[in-house]
Amino acid sequence: MKTIKVGIIGTGFGAKVHAPMFHFHDGFEVVSISSVSRGNIEEAKKSSGIENVYTDWKLMLDQEQLDLVVVASAVHLHRDMVLAAFEKGLDVLCEKPMALHIAETEEMMSARDHAKKLGLINHEFRFLPARTKVKEILESGSLGQILHVRYLCSYASYTSLVSRTRGWLGQEEKGGGMLGAIGSHMTDSLQWWMNSQFKEVFAQLPTHVPIYKDESGNIENRTADDAFQLIGTFENGATVTMELLSAARQTENNWRLEVFGTEGTIVMLDDNKVFFSTIDEPLKTVELVPEIKAPVGMSDVASRYYNGFHRMLDALYESMATRSKHPYLADFENGYSTQKVLDAARHSAKEGKKIVAN
């Protein structure tokens, strides 16, 4: 089994989640990690478990012998890092959302094609057993014609929003906001499940907590959304509502998906329960494959992602070894189609009208 050598750009999510995920997979070796803003090296070593830490990602690409680069930086930096990795002849796994806007995704796709390398997006949630079960049921045709999809997410994060800074995630010009952070995951899964792309959207992108003031009087003005509401239509004619609220005090279910067809219904709760019915039968629990438990020694933060992420890394290793993309992996084409929806939603929110998403 050949070991694939990995370099990671980004010492936030890259250090806390990507590094341990790759470390605990037999097919990969994390050779190095680089900060983006010349952060604390010792802190990066501690959170990632990697001793070889750079403060200049370009230097890392120049000096290390890598097979795969993980781009886990702020969104506004993705394009330049991805292009540089392809120039070095490396495969790329890029965090979502793919870029700031559709023009950047097109540049990234062109660079991938020129380099003849793999360009993939980190949509690890596709590999959660509940989500793959939804995909299997929909592909079976058991629901008949899909009429409507309702996809809701809520986080009890009000206290966090009013008690700490959001950094680049609170700044629209840097690609921040929940539409990109979570809406990209939701959009990708919806289009993957439905095997159909959004045709048009109408959106609201509110910022419920626009200002944070710390104890010293320092103010963070937030320009990015912390919630969204989308109403849309798929190219296959099904209608869709997609909604997220992060400023909740309490919430019962973080995630709720409902798919309504002419022959049946699917309900998925919190990415770990699936219910299914046909015709007028009551909803019944669908058996899922067992959860993969995180290994001993993995941090609590990383462990929350292990069940889906490890399965995704299995598919990534297979794809890199065979040079043939696993069908469940999200590639740059998927990132591009998601970006079209994000761009259309932002345009819709600013213009106050329905926007065609292509």
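Each Cβ is built from the backbone N, Cα and C atoms, and glycine gets one as well.
Unlike curated records, TrEMBL annotations are generated automatically.
Copied over from TrEMBL, here are the features:
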- 4-117: domain 'Gfo/Idh/MocA-like oxidoreductase N-terminal' (DOMAIN)
- 133-267: domain 'GFO/IDH/MocA-like oxidoreductase' (DOMAIN)
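Here the domain 'Gfo/Idh/MocA-like oxidoreductase N-terminal' (4-117) is broken down by DSSP into helix, strand and coil counts: 53 helix, 23 strand, 38 coil. Each residue of the domain 'GFO/IDH/MocA-like oxidoreductase' (133-267) gets a DSSP state, and the totals for helix, strand and coil are 38 helix, 50 strand, 47 coil.
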